[in-house]
């Protein structure tokens, strides 16, 4: 199946080439259509290759038959989290356009960017005539031509035989050719919009200077730079590139609309491409034109194509890109890492959201009511940071964005599949301990020791358990600080005090330059509850710390300890917006909301737990919220998700039993709930802590319930479900508790209770 022309979507009418003037200049850049794609988009597998078999040579010859490598139909991306169907590479000849015509909707003047060559502009729309394919722009007078400059059969540079057109972009037609000097391998020739465009010619010359050094497995390979005379005899430069036989990420549906990808799939694709951008940035280059059309999915990998817009970082002059994807500040700053990060965010948005369009181009911003953004909160936060109008607030590097994308992907896949996808953070430690795990069962300790126990969560419990920012390995004091990471707060302060006095400075390191050392002191002070000293040190660090998020995190912790929950929420949210793929700020926000009595942020307990089932504090927090909202069934289900391998499994089982029965009148409880609670206790060894008191609780609830209800005859916890049997069970449980009571007074109390509840003896 051959293609008549390129994709018909509306968001990309043409690229813009903007002149990025030096900061001292005042000239505004002009728009120029510079879209540069050299592979059409194939909508589905019906467009893929059906290879014809050549005639067989019947003469006997010695031949080596190459082994055929069979690839599995499914491939895994995103660290193995996402499975996609493997696409087949497309035969080059199948990519040829049978009628290489640029649609009128995509015809723009290369000089001023205004529409040209359109029937409605020439008064021909009524009679059905088409607009002129070449002529002069009615707005600026520049000549334009949308006709191919090369024809099938043309030989370029005495080496490349042109087969035809495969795409058209702002930089002109893109041609398929066969290289006669290298076994007739298929190559791609990318020409320019117009041979008279001096800036475009200069762009091609510039490409020759630095594109040859670009070598990366995720970037299309440049083979050669050649020239060929156009129809007027003027030389036109062409870049000879590797042919990529796949399909772009821009997919069209059967109805002609742009098909959106699942969020997990889109993230997985971008995770494959970000290393290529990181590589370009490392050698001082910016890609400038990331968009779905320029990402090719092949049988074995993803590749960036079309290097026509690549430029040096902070270069000024003619800067190419696509409206709707291009960062707004690029005319002022020139190409930067931040402008590339912006295109990554816009590409993710274009792949997954129904972006608004105007005049056929994507509008800035995001559709906040899009169901994708409301369903995947972390993904929405990531997009907002990537396309922040202030480039300083975007991700600082492709590596940083990749790390956060991976965290968001884990959340998305866990949410979609219901299977936790835990992963290690690159900037936060694991949880140092747990909080709120035994709050609900702790009040049953009154059976054990006779004292009332609080069921309230405290800020200190949270602070000492929360994750903490990891030590920056580039900090001068990092080797010293690594030894104090797991120390107790007092020991940490002693070690840091010794380090400040040079006692640990054996290698002559000037620890006065360290930022991490005072931050470690802040952490230890907060663990000790000394908020005043911690805040004083944070104030001293305000002008020294480049990574402000660390200060914001510790400010939030200090606010939590002082009871300023609104300020703590604000600061934790700021950290979350900076690192949307991290679980640490989500857990902190959920715990802060619980202390404040707010329910808005309880969703983060759910997010953390469903993403990483090793953070059991989140499971118990979610269960507490569900129970408080009257959803005891949901709370029990959450507690049942704690895996048997967790050291808190027993506590979860006991808590679920208490959740079923505690704080409810007998007319709110069913026999099934009583038996369910009993089964949870019965499966645990009697030597486990708190099992005896929970047995007493269950049997006591059953005894009270039976006073007004009828029960089946089956035993419960080894006793008949009768008034006599349950009294025997409660008596036995209380006497067992009396044997392990910590004080004589409480032991006598338990024995008295047992005597009161024992069934009446008959002689």
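Note that Cβ sites are derived from N, Cα and C of the backbone, with glycine treated the same way.
Keep in mind the model is a prediction, meaning the values are calculated, not measured.
Residues or ranges marked as region 'Disordered' by Swiss-Prot: 1-32.
Summarising the annotation, Swiss-Prot assigns domain 'Protein kinase' to 160-406.
As annotated by Swiss-Prot, ATP binding site applies to 166, 167, 168, 169, 170, 171, 172, 173, 174, 190, with the evidence given as sequence analysis. In three-state terms derived from DSSP, residue 172 (ATP binding site) belongs to an extended strand segment. Around the Cβ of residue 172 (ATP binding site), 29 further Cβ atoms fall within 10 Å across all displayed protein chains.
Marked as active site, proton acceptor by Swiss-Prot on the basis of sequence analysis: 289. Under the DSSP three-state reduction, residue 289 (active site, proton acceptor) is assigned to coil, being neither helix nor strand. In the structure as shown, the Cβ atom of residue 289 (active site, proton acceptor) sits within 10 Å of 30 other Cβ atoms.
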Query: Relative to the Cβ position of residue 174 (ATP binding site), how many further Cβ atoms are located within 10 Å?
result: 29
Statement: Averaged over the domain 'Protein kinase' (160-406), the pLDDT of the predicted model comes to 88
Field: Separation of alpha carbons, residue 289 (active site, proton acceptor) and residue 174 (ATP binding site) (Å)
entry: 17
Field: Pairwise CA distance, residue 172 (ATP binding site) versus residue 289 (active site, proton acceptor), rounded so that it is a whole Å
entry: 16
- prompt: If one measures from the C-alpha of residue 166 (ATP binding site) to the C-alpha of residue 289 (active site, proton acceptor), what distance in angstrom results, rounded to a whole number?
  reply: 19
Field: Distance, residue 168 (ATP binding site) to residue 289 (active site, proton acceptor) (CA atoms, angstrom)
entry: 15
